[in-house]
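Undergrad: I'd like to ask you about the structure that follows.
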C-alpha cells in the first residue's frame, strides 16, 4: 500500500527480498507483510470478526537493491498492538517467523528495524549501562582492556585461575571465559569460578584497581544459569556472562536478574554468523544489536574491523552507533536505514575481540573510539614472555596512544612510531611488536552496506 501513512507508533522493518523467477516483487512484499501479521494462504471467514485492516501489516515501499539484480528492499509497517510489551520472543516470532521459509522467495534477509518509542519503553534496556559501569570500575577516558583465557577448553581450575591472575596483574581490566566453557568434566563451573575469583581478588589487591572476570553462566536450563550466577555473585564477581545461543527469553531473564543484583551482563554473540554473515538471507547483525540493547545486556561482541572475524569498517561503525547512541540517524553507508530514538535506554558497550594485538592500537582507537572493550586473547596469552608480559604490553600501548591522542598528535599516521617510542622503556611491548609486527587479517567482507545516494527510508 504505497499510500499508507506511517504512524509514529508503527514498527518498521526492512527486508532484502529475492523473489523466485516470475514472482512480482510487490506481490512478494505484500505476502511477507500478510504472513508476518494476520494472513494465511487463503481467505478465512474469521477475518470478519477482527479489525483486520488495523492488524494486518502494510508493505508500503519496494525499491530495487543497487548493484543486485532481482533483489529488492521491502519496507513493512506493523501496528504496535501486534506485539506483546517487553517480549523479544513475541516480536521475533512475527518478524523472523514463517516468512523466511516462503517458497515464493529464494532468499530473505531482515536488514533493519525502527522500534516505536512507546514499545521501547516496555523494554528494560542494559542492566548496568556504560556510564554506571565506568563509575563502578573507576576507569574513564580510555577503552577498557580484556582478554579471553586460552586455550578455551582443557585447563584445570588452578591453571585457569593463574591465567586470570597474571593477565589482571599485568594491567588488564577484565579476563573472560570463552563461549564454550561451561561446566565440562575437565573443569566444573564451581572450580573455575573459585579459582578465577581468587585470581581477581589477588590482582585487585596488588594493583589497587577494580578488576573482573566474565564468569560464563550459560547452562542447559534457567535453573542452572540462576544457580551459577548466584554463585558468582556470592564470590564477589562484578560481572557474569551468557551466550547468544541461550535464546531471547533466557537473555531477557538474565538481564532482569542482573539489574536486580547490580551485576554487569556480558553477552558473547556465539552463533550469530550462522544467520547474519551472508548478504542475501538471514538477518543483519545490526538488528541483533538493537534487540540485545533492548533485552538488557551490558556488553556485546560487535567486531574489530582489523581482527580475524567478519567486519566491514562502515558496517561496524553502524553497529557501534546502534549500541551507543541515544538517537541514531539514517546513515546508508553504515547500513542504518531508519532513524531511531532509543527512549533513554542505557548504552550497551561494544566488545572488540578476535585476532587483535597491541601493534594495531592506533587503528583500534581510530575505528572504535573510547567506549569499547578491547579484548586481546592470543594477543595477551601468546606473548613469548608470558601472560603478564602480554597484558603489560597491551596496557602500555593503549595508554601511550591515548596520551598521544589527547596531546593532539596525529596518532593514526604516527601510531607505529608512538608504539616504538613507548617500547623503549617497556620490554614486553618491544617483544610483542617484534613478534606480531603489522599482522592483520585483510579479506574482502561478505557483508557491506548498499550505498544509495538518495535516502530510501526517511519517513
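Every residue gets a Cβ built from N, Cα and C, even glycine.
So Swiss-Prot lists these for the protein:
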- 98, 148, 152, 269, 301, 353: substrate binding site (BINDING)
- 150: active site, proton acceptor (ACT_SITE)
- 176: N6-carboxylysine (MOD_RES)
- 176, 178, 179: Mg(2+) binding site (BINDING)
- 268: active site, proton acceptor (ACT_SITE)
- 308: site 'Transition state stabilizer' (SITE)
Undergrad: Can you tell which of the recorded positions 98, 176, 178, 353 lies nearest to residue 268 (active site, proton acceptor) in space, using Cα positions?
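TA: Result for residue 268 (active site, proton acceptor): the nearest of the recorded positions is 178.
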Undergrad: Cα within 10 Å of the residue listed as 'N6-carboxylysine' is the criterion; apply it to the binding-site residues 98, 269, 301, 353 and give the hits in sequence order.
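TA: Near the residue listed as 'N6-carboxylysine' by Cα: none of them.
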Undergrad: Say you check the Cα of residue 98 (substrate binding site) against those of the recorded positions 150, 178, 179; which is nearest?
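TA: Result for residue 98 (substrate binding site): the nearest of the recorded positions is 179.
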Undergrad: Please give the substrate site's span as the largest CA-CA distance among 98, 148, 152, 269, 301, 353, to the nearest whole angstrom.
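TA: Taking every pair among 98, 148, 152, 269, 301, 353, the longest Cα gap is 37 Å.
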Undergrad: So around the Mg(2+) site, 176, 178, 179 aside, which residues have their CB within 8 A of the centroid of those CB atoms?
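TA: For the Mg(2+) site the neighbour list reads 148, 149, 152, 177, 180, 181, 214, 216, 241, 268.
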Undergrad: Nearest to residue 269 (substrate binding site) in three-dimensional space, by Cα, is which of the recorded positions 150, 178, 179?
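TA: In terms of Cα distance, residue 269 (substrate binding site) lies closest to 179.
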Undergrad: Please report how many Å separate the Cα atom of residue 148 (substrate binding site) from that of residue 179 (Mg(2+) binding site), as a whole number.
TA: 10
Undergrad: Looking at the binding-site residues 178, 179, 301, 353, which has the shortest Cα distance to residue 150 (active site, proton acceptor)?
TA: 178
Undergrad: Using C-alpha positions only, work out which of the binding-site residues 152, 301, 353 is nearest to residue 179 (Mg(2+) binding site).
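TA: Checked the binding-site residues 152, 301, 353; minimum Cα distance to residue 179 (Mg(2+) binding site) goes to 152.
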Undergrad: Below 8 Å Cβ to Cβ and six or more residues apart, same chain only. Which residues does that give for residue 301 (substrate binding site)?
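TA: Sequence-distant Cβ neighbours: 267, 268, 269, 350, 351, 352, 353, 354.
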